[in-house]
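Visitor: Got a structure here, written out as structure tokens. Questions coming.
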Amino acid sequence: MSDAPAVEFRSVSKVFRTGKREHTVLHEIDLRIERGEILGVIGYSGAGKSTLARLINGLEKPTAGTIEVAGTPITGVPEARVRQLRRDIGMIFQQFNLFRSRTAAGNIEYPLKVAGWPRAKRKARVAELLEFVGLTDKARSYPDQLSGGQKQRVGIARALATSPALLLADEATSALDPETTGEVLALLRKINTELGVTIVVITHEMDVIRAVADRVAVLADGRIVELASTFDVFAAPRSAPARAFVDTVLHNRPAPEELRRLDALHTGRLVTVDVDDKRGIGAALTTAARAGVRFEVVYGGVSTLQDKTFGSITLALDGPDDAVAAVLAALDER
């Protein structure tokens, strides 16, 4: 089914049972992952992120609901069918999961051996993948001879070996330093752009979402509390969990204690306004100047994401009450 999404969850719940105790990890998840997109799934520890990934590749079975991959059900079908579908899904792990006794080339070749590829074809594919991830010179190196970033690139190449249509990256950069994280994320974007692979990025880091995701699903207590474009979630988060994640990386709105400090420092009225490509503050500040209202930018920041601008600015407005009210009205009308 060419028009089917890459993955679709319909009212999916997952309950783990230990003796007589039950723990619901995911609650009635409805989620459609489009072909060719990078979807970020973010949440704190215990939110259900990894369970969601394991449901996609059939390593866990849902307690209720249905899951389809590329239009094909993976629930209520024989295990042999699930294994067949799993061949079209690549997996990247946080701890690399490389065979220490195999070289970089040997690790990449392993799934091709399992799939029954002939030797000559395997060797050609391994060489192609090593070049793609920039590790041609490390073909004969063992994992202990590689840096963390190089190990993860081997893991990515291995995940791509059989040309899957879907790639699951579960905390793939959590064990890496910031510079190496950037390199791995750039590689994921390259895979998506050049190979057309759909990617699901599981993470607890909003910087990762900002760097690669087209859309983001925010998980909290086993529920999707927000699902929107990455820009929309950053520019105007609707849920408290999304706002908390955005605040960890942007810092463009003063926290309550910072707002109290600013209030003590400035005699004017403090107001925080959101700005973006369509909502500037130039006209409102012109109104302020003409009305004799003094203004000062005391906090804030502006960012660019997906070729669009957004941010928040906190102003101190000082002047006659009616003039300040006129400026506030102008800001509200933007």
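The backbone N, Cα and C atoms fix where each Cβ goes, glycine too.
Feature list, courtesy of Swiss-Prot:
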| type | residues | note |
| --- | --- | --- |
| BINDING | Gly43, Tyr44, Ser45, Gly46, Ala47, Gly48, Lys49, Ser50 | ATP binding site |
| DOMAIN | 7-246 | domain 'ABC transporter' |
Visitor: Starting from the Cβ of Gly48 (ATP binding site), draw a 10 Å sphere and report how many other Cβ atoms land inside it.
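Guide: Result for Gly48 (ATP binding site): 22 neighbouring Cβ atoms inside 10 Å.
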Visitor: Within 8 Å of the Cβ centroid of the ATP site residues Gly43, Tyr44, Ser45, Gly46, Ala47, Gly48, Lys49, Ser50, which other residues of the same chain have their Cβ?
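Guide: Here the nearby residues are His204, Leu219.
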Visitor: Near Tyr44 (ATP binding site), which residues of its chain come within a Cβ-Cβ distance under 8 Å, counting only those 6 or more away in sequence?
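Guide: Non-local contacts for Tyr44 (ATP binding site): His204, Ala220, Pro241.
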Visitor: For Ser50 (ATP binding site), list the number of other Cβ atoms lying within 10 Å of its Cβ atom.
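Guide: Summing over all protein chains shown, Ser50 (ATP binding site) has 20 other Cβ atoms within 10 Å.
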